[in-house]
Structures are given as C-alpha cells and as structure tokens.
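Listed in Swiss-Prot:
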type	residues	note
REGION	1-76	region 'Disordered'
MOD_RES	S34	phosphoserine
MOD_RES	S42	phosphoserine
MOD_RES	T61	phosphothreonine
MOD_RES	S97	phosphoserine
REGION	98-174	region 'Disordered'
MOD_RES	T103	phosphothreonine
MOD_RES	S110	phosphoserine
MOD_RES	T112	phosphothreonine
MOD_RES	S113	phosphoserine
MOD_RES	Y116	phosphotyrosine
MOD_RES	S120	phosphoserine
REGION	237-256	region 'Disordered'
COMPBIAS	241-255	compositional bias 'Basic residues'
DOMAIN	252-316	domain 'SAM'
MOD_RES	T318	phosphothreonine
REGION	318-380	region 'Disordered'
COMPBIAS	318-327	compositional bias 'Acidic residues'
MOD_RES	S320	phosphoserine
Amino acid sequence: MLRRKPSNASEKEPTQKKKLSLQRSSSFKDFAKSKPSSPVVSEKEFNLDDNIPEDDSGVPTPEDAGKSGKKLGKKWRAVISRTMNRKMGKMMVKALSEEMADTLEEGSASPTSPDYSLDSPGPEKMALAFSEQEEHELPVLSRQASTGSELCSPSPGSGSFGEEPPAPQYTGPFCGRARVHTDFTPSPYDHDSLKLQKGDVIQIIEKPPVGTWLGLLNGKVGSFKFIYVDVLPEEAVGHARPSRRQSKGKRPKPKTLHELLERIGLEEHTSTLLLNGYQTLEDFKELRETHLNELNIMDPQHRAKLLTAAELLLDYDTGSEEAEEGAESSQEPVAHTVSEPKVDIPRDSGCFEGSESGRDDAELAGTEEQLQGLSLAGAP
C-alpha cells in the first residue's frame, strides 16, 4: 500500500519561497518596506497646483510588482497628497462660503453641495476659485475698515470727545511774589510742577508749611519748592495799596468780620472763625498759615483769600496810621510859626548882648593899636 508523504512548508524550495514573498509584498502594497525620502517629493506634497490626472487610480497592478520600490512610493505619496489637498480645499472653501453666504448671489452652486464629487475640477481650478473669493472679500473688508475709521475719527468741524475745554486762568488772590535763583526742570511724568528758569517771577498763591508752594508762572498754576526761589519783599506794595484804593474810590474798609467775609465770598467760614476767637477785624489781622491749619481750612483758594485779606487789612491799618502821623508832623511847623513872635523876643535880646560884647572887643583892640602907635612916635 502506498503512503503519501506529508508536505511541510518549511521544506519548500528557495525559489518558491521567493515567489511567495514577492506575491505577498505586491498584494499588501509593500507598506512595510522603507521608502527613501526625496526632497523633490517633499516639496510637492501639499501643493495645490499639482496636476494629477483624475483617471489615474494610483493602485499598482501585478505587472508593476517587479519595478523598484522608489517609483511605487512616489505614486502613493502623490495619491495621499492629492487626497489631503482636496480635503483641505473643501474645508477652506466651506469656511469662506459660510462667511460670504450673505453677499453671494442666490442660485450660485456651492462647492460643499451634495452634487460636489471627486469628479469636480482639479486643484488648479480650486486654487483659482479660492483666489477669486479672496479678491472679492478684500474690498468688503476694506469698506468695513474705512467705515470703522470714519466712525472712530472725528470730522474736522466737530470737536473731539477726548479734549477737555481749557480751564480759566487763575487771576488771584496772591500772597506774595518770589524770584527764581536756580533752574529746575520737572520730570516729564510730573504735570503739576512748574518749570523754573533763573530770573522768573512767580506769583505765590499758597505757601504750605511742607515746603512745596503753589504759584502762577506764565499763565500756568503749579507747585514748586521754596528752596529754588527768593521771596520778594512786599512792604512797598503793601503801603501803596491803600493809596491806590483811595485813588480809585473803592468801597471803604469793612467794619465787621462778617462783612469782610461776605466781600471775599467766604461766609461759610464765619462760624469757624468766630468760635475760635476771631471775632473782630483786629483779631483777623493776626491770621497766619499755621492758624489755618489749626482751623482745618485746607482749600488752597480759600486759604489764599483769607491770608490775602488779612495782609490787606493789616496794610490798610498801618497805612492809615502813617498817614495820620504824617498829617500831625505837617501840622507841627504851623504851630511853631504861630508861636514864634512870643518866643523870639528874648532870643533877640540875647543876640543884642552878643553883638555888644563883640563891639567892646573891637574897641579894646583899637585902643591898643593907638597906644602902640604913640609909643613908637615918642621913641628917639
């Protein structure tokens, strides 16, 4: 009886094994085989302008199994790049079509419609459509930007909202003047300090005890340090003020503290001053900056007005006293001239006595000369 010899796959001939491995590699598209990278292929991977024919399926046939793996890898890379390009193009066109849906005409076919298939125009036509949509979108964006700029930028005739109307210039009162002896340039971030130049004259508005004063220079109100200035004496100006007031015929001196505060528009501080001992104008003349700090009057304009009023009141009183003294001194010579006839009588007699004694001395001198002449004549 004949027995069949068992077959073993491992005992096959080498030629059969080689053919079997070749068939397997061609059936599985040779994915496991390493592909050499080419710089030319990498540059064309995601190029939308790459023209690949539509009828080329890219699937290798059994006749191409004997060709080199390099050519097979290039074909598969081209197929993959074409598929990716189409997917990316679909996504970009879909996004643009959604944005431009309101502006496009009705009835225009959308690339994302169900009629769109793989047989649609190639990458070149898709790139052309994409560029046309970009050109169509640019004018819309430019119009939107122009309208936005027109809304944001004000017209030449209308005033801008950011600019504030200029504040009125401060006109007083002032509590003194000071001349700058040292140049000082403030920081560009410090908008409250004054730029000082040697020789400038500052009108002082307030002199707080901390050392940073408030003044007016070149039409600008700002702060400055007292170490850069020398305070100018105000005595001459203070004495001249009453005369100017009298010459101009202004209102006379107030009689009460309440009347004074009404004139300078600070009636609100009347009760504060009265409760702290400033009940008369004589008391108000002694008002100083330290007293204002004790009274908790911190408004710079109110402080300047009160201090200026106190100084003017003091100057007014001192000027009136000096005027009275001058009037008295001018009246004294008149009194002396009236009393001169009574007082000059004994003085005249005294003068006569002096003249007689002088006359006697002259006579004695004459007699002595005569005696000398006689003695000379009698000599041999």
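Any Cβ shown, glycine's included, is placed from N, Cα and C.
When averaged over the domain 'SAM' (252-316), pLDDT in the model lands at 82. Geometry remark: S97 (phosphoserine) versus T318 (phosphothreonine), CA distance 93 Å. Helix first, then strand, then coil: DSSP counts for the domain 'SAM' (252-316) stand at 44 helix, 0 strand, 21 coil.
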